[in-house]
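Trainee: The structure follows.
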Amino acid sequence: MLDVNNFEYMKIGLASPDKIRSWSHGEVKKPETINYRTLKPERDGLFCERIFGPMKDWECSCGKYKRVRYKGVVCDRCGVEVTKSKVRRERMGHIELAAPVSHIWYFKGIPSRMGLVMDMSPRALEEIIYFASYVVTEPGDTPLEKKQLLSEREYRVYREKYGKGFSAGMGAEAIKKILSDIDLEKETNDLKEELKSAQGQRRTRAIRRLEVMEAFRNSGNNPSWMVLDVLPVIPPEIRPMVQLEGGRFATSDLNDLYRRVINRNNRLKRLLDLGAPNIIVQNEKRMLQEAVDALIDNGRRGRPVTGPGNRPLKSLSHMLKGKQGRFRQNLLGKRVDYSGRSVIVVGPNLKMYQCGLPKEMALELFKPFVMKELVGRGLAHNIKSAKRKIERMSPEIWDVLEEVIREHPVLLNRAPTLHRLGIQAFEPTLVEGRAIRLHPLVCTAYNADFDGDQMAVHVPLSAEAQAEARILMLAAQNILNPKDGKPVVTPSQDMVLGNYYLTLERENAVGEGTIFKDINEAQLAYQNGYVHLHSRIAVFAGSIPNERFTDEQRNQLLITTVGKLIFNTILPKSFPYINEPTKFNLEIETPSKYFVDTTTDVRAHIAAQELIDPFKKKILGNIIAEVFKKFHITETSKMLDRMKDLGFKISTKAGMTVGIADILTLEEKHEILEKAHDTVEKITKSFRRGLITDDERYERVIAVWNAAKDEIQGKLILSLDRLNPIFMMQDSGARGNISNFTQLAGMRGLMADPSGRIVELPITSNFREGLTVLEYFISTHGARKGLTDTALKTADSGYLTRRLVDVAQDVIIREDDCGTDRGLTIKAIREGTEIIEPLEERLEGRYSRKTIRHPETKEVIARENDLITEAIATQIVEAGIEEVTIRSAFTCNTKHGVCKKCYGKNLATGTEVEVGEAVGIIAAQSIGEPGTQLTMRTFHTGGVAGDDITQGLPRIQEIFEARNPKGQAIITEVGGEVVSIEEGRDRQQEITIQGTDDRRSYNIPYTARLRVEEGTIVERGEALTEGSVDPKALIRVRDVLSVQEYLLAEVQKVYRMQGVEIGDKHVEVMVRQMLRKIRVMDTGDTNILPGTLMDIHTFTEANREAILSGSQPATGRPVLLGITKASLETDSFLSAASFQETTRVLTDAAIKGKRDELLGLKENVILGKLVPAGTGIGRYRKLKSEVIKETAEVTDEITNI
């Protein structure tokens, strides 16, 4: 058997008839399957034991030889070899066809490969193959031409006229004859000659033919093998037949299809033996051809063959295609043992790295480990009795189970796994009941809630797997989100509310202004009711265990609240004491205004101070990020647990509730509405008098109601009590937002109708008063639209992620430094005057390409190839530098991946990226995962003269698929000055641009909004009108880098507009994959075919060789491919076939005799090899063996002692 981890490549090609026979273990001659009386396979039938192997292990068909001792014996009575029944999954058979049959993939695919080789149209081929016309195979001395089509009548006429002077035939036989006569060398040379002069359609056809000819020539495939003489029969276990209750059988469709082929083949043999008339034989041959077509690809030609209930039968091609096909169902997504799933419930008392595993589940998952331990401890004599003990649930197994699961991490996964944080490792603790307990802080990463979600558990078995799970995947390690490097484990809901309540300040609370000597005294006073959590008090600063206070401050009093004293106990001692939610306090120190001398009148001082805001969700996130930066993983995860516990505790103590009394009504609401009604009335009057158009009226009415709603909202906020539970919930960021509150207590406002147009009748009621019937009806549109939109969006976003993963799955960090001398110059991304992504954020975690100096002092801020940290990035921006050249994935020279320097920092860990990191997949997940948060609709920019601007998910798809954008901007092909803008015919505008040596004019439709005016200086490729630039047009007038920069900025605009932050490097990795190919224009003296799409690296390599040998290099132009197209154009046919268009990819690969070098992840997963990323990459695999050798020696020594 082949060792799965030990082969280098996989090759695919056409099989010759001899090859098919050499695979086969015998010919299938009968269409029978199983004898229905004995339930044994029929001899020479589709399940024959003599051909395919025995049904039962080590037992021949007739029962003469049983038991393993006869291994390898071939029974003399029934001819079955005594072996394992598993061989029925791998032994193939064959059918000797009575007449050659064409393979539908090569004849019917687009373009028809057979047609290109023979230089015939697919239409003509079809007539020949299905016996409608004759084709001349040998014209002899007659005036007929080779490959000329003859109808039945013409054939008879010529036969009478020339007798046997020529030969013509029908069906696949004739095709085979023509194919075997083709001289590939001669044809190739002729085509190359033709290319030198041919133009237009002829040239295109010649190039396509040349491509196929070269493929056949180079791969060693013979064109005549596209016609089958022998048909392989796949192993019976792969097309099984199973008995259902009631004695009926269920069988795979393939058996029906094979049966049809065998029946027709046998009938044809009989007809030929009988010497039947030609017309009957021809009809039977046609039927055989159709049967084989249906078997290979049912439904590709004509009506599909149907089974019971008019259901088309699934052919061999269908077995590979689609989500249920072999590739995606069984090779890329396998079900695994040692796994289980159950409902999740919250485990608030768990540590960050723990999860609760139900006892029954743990016992089943760790069964083998428990059995081994039971035998090891002598509690069971052998494995069998250990198993019995477990099944009986003997009491002693629980102690053993506890021991076994200690420090054995398990993986928890929640579907849909949108990013790598969808699978994390935890240490299991046993819990009663049947639900998995999940730590509340990891819910954000999993996007889990406890309304019935389920999660799956997997057990890593080997020592290496456990080590990887513990070191790389433990939940306590996954604090940062890979997409932007911000903490993903921020407290939510109750935890936020608790910490918000804890850090609130209240005027004149109980015991305000009391002075305490230390925290304990303050807490004691709080517990006895002398002070409140919210009371502002003074504490002797020296008693607080904080290392950041200065000596002077230690001798002073610190003005704070009891709640803040408690809150600060969860932070590390060397972290600033947090007294106010400001950046200064977080990053530098506690502001000195909170320290007063011991002689101060504390009460008067406090009374004069403003109240400080409590700590909201965002601040808690910033605290976590700061702690992570300064103290790293372990300390942060401990601090998070303390924050969680404190939040829950205080939240419980505060006893927040929501009642109808908390929803206050607004006195002024009636007035505001009256005023609005009056204004609307005036607007309507103006419209009736014809002073404004209907559109203007509509826009103004909507503006009036929006203003009214905003006014009510503003007044509501002012009238709210800061301690109102609903206000606290939304202000802290625990749940809800201000618009929810406005709808409860103010007015609901305007709603959209099903088409998305805003209904101008506002809903003036709120939920506390209740809606009228009409208002309720108007509201239902919006509610339904929301739900349907979400459902559609999820599917779209998932498909986008799938395409992104596919195009970038082989991008891995391959080396430390690629040594490139190019870089990417970056500045802040802007939309008009608004900054979308500041320079600071773009710089952090990247390597500088050139030395960066301060523009005035000339002092070096960062050297060439230095990592730009947050501090350096701030320095650069403060020095007033606006653009910086950095190393980027765009300019990286690494083949099949990126190097460490061009990629920069790994956002998920905050440290340098490791060689072997699968950055392509991380990039795809980072862009795809927030996809569900993007909006679906195409926005209408208000006003009459507005183009539709696509935003949200559709815009992201438009960019990555490189489609022509909606609302396309007109770009200039020359750089220079706009000399005139004139109005032309049909109210069009004509813009004229004077370049240095060229003058161009552009006609602009009158609906477009201009971005330039007379005298503006424009560069080549700059947009003249508002809208999106078509990147394909941009690549024609500018260089690749400009297109890459443009795409990067556009993607960032969409995500940032929706408030989603994504690291630039992820977008860079994806965009780079779209621009990997080059289209060859002139081949020079190389042996590349013109018009070929090839990888830039391969192209450069071929040119280097040409230049070194002194010949003419090829020229090409870079091509921008959409992600779907780029995935299908990858060098790996396994990866492409498992993505989309399976049959087309495989047909192409087989003709070219392609080799899959197994560089990406997908192809290795398909073959069951270790993926070449992470610890599976070459350099780490070599390490392993050496380490193992050492440990082996050590163990020997131990045993000797």
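Every residue gets a Cβ built from N, Cα and C, even glycine.
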Trainee: Record says Cys818, Cys899, Cys902 bind Zn(2+) 2. Source is Swiss-Prot. Which of Cys443, Cys892 does it list for that same site?
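Mentor: Swiss-Prot names Cys892 for this Zn(2+) 2 site.
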Trainee: For the recorded Zn(2+) 1 site formed by Cys60, Cys62, Cys75, Cys78, which further same-chain residues have Cβ atoms within 8 Å of the site's Cβ center?
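Mentor: Other same-chain residues near the Zn(2+) 1 site: Glu49, Ser61, Gly63, Lys64, Tyr65, Asp76, Arg77, Gly79, Val80.
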Trainee: Fill in the CA-CA distance, Cys75 (Zn(2+) 1 binding site) to Cys892 (Zn(2+) 2 binding site), as an integer in Å.
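Mentor: Approximately 64 Å lies between the Cα of Cys75 (Zn(2+) 1 binding site) and that of Cys892 (Zn(2+) 2 binding site).
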Trainee: Just to be sure I understand the packing, how many Cβ atoms besides its own are within 10 Å of the Cβ of Asp453 (Mg(2+) binding site)?
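Mentor: Total other Cβ atoms inside 10 Å, all chains included: 17.
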Trainee: Using all protein chains in view, find how many other C-beta atoms are within 10 Å of the C-beta of Cys60 (Zn(2+) 1 binding site).
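Mentor: Its Cβ shell of radius 10 Å holds 25 other Cβ atoms.
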Trainee: To the nearest Å, how far is the Cα of Asp453 (Mg(2+) binding site) from the Cα of Cys62 (Zn(2+) 1 binding site)?
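Mentor: Cys62 (Zn(2+) 1 binding site) has its Cα 54 Å from the Cα of Asp453 (Mg(2+) binding site).
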Trainee: Can you list the residues of the same chain, besides Cys818, Cys892, Cys899, Cys902, whose Cβ falls within 8 Å of the Zn(2+) 2 site's Cβ centroid?
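Mentor: Leaving out the recorded residues gives Glu815, Asp817, Thr820, Arg887, Ala889, Thr891, Asn893, Thr894, Val898, Lys900, Lys901, Tyr903.
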Trainee: Relative to the mean position of the Cβ atoms of Asp449, Asp451, Asp453, the recorded Mg(2+) site, which additional same-chain residues have Cβ within 8 Å?
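Mentor: Those within range, site residues removed, are Ile344, Ala448, Phe450, Gly452.
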Trainee: Would you say which of the binding-site residues Cys75, Cys818, Cys892, Cys902 has the most Cβ atoms within 10 Å of its own Cβ?
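Mentor: The residue with the most neighbouring Cβ atoms within 10 Å is Cys902.
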Trainee: Could you tally the C-beta atoms, other than its own, that fall within 10 angstroms of the C-beta of Cys62 (Zn(2+) 1 binding site)?
Mentor: 14
Trainee: If you count Cβ atoms within 10 Å of each one, which of the binding-site residues Asp449, Asp451 comes out on top?
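Mentor: Answer returned by the neighbour count: Asp449.
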Trainee: Given the binding-site residues Cys78, Cys899, which one is most crowded in terms of C-beta atoms within 10 angstroms?
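Mentor: That would be Cys899, with the most Cβ atoms nearby.
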Trainee: Cα-Cα, whole number of Å: Cys899 (Zn(2+) 2 binding site) versus Asp451 (Mg(2+) binding site)?
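Mentor: The Cα atom of Cys899 (Zn(2+) 2 binding site) is 44 Å away from the Cα atom of Asp451 (Mg(2+) binding site).
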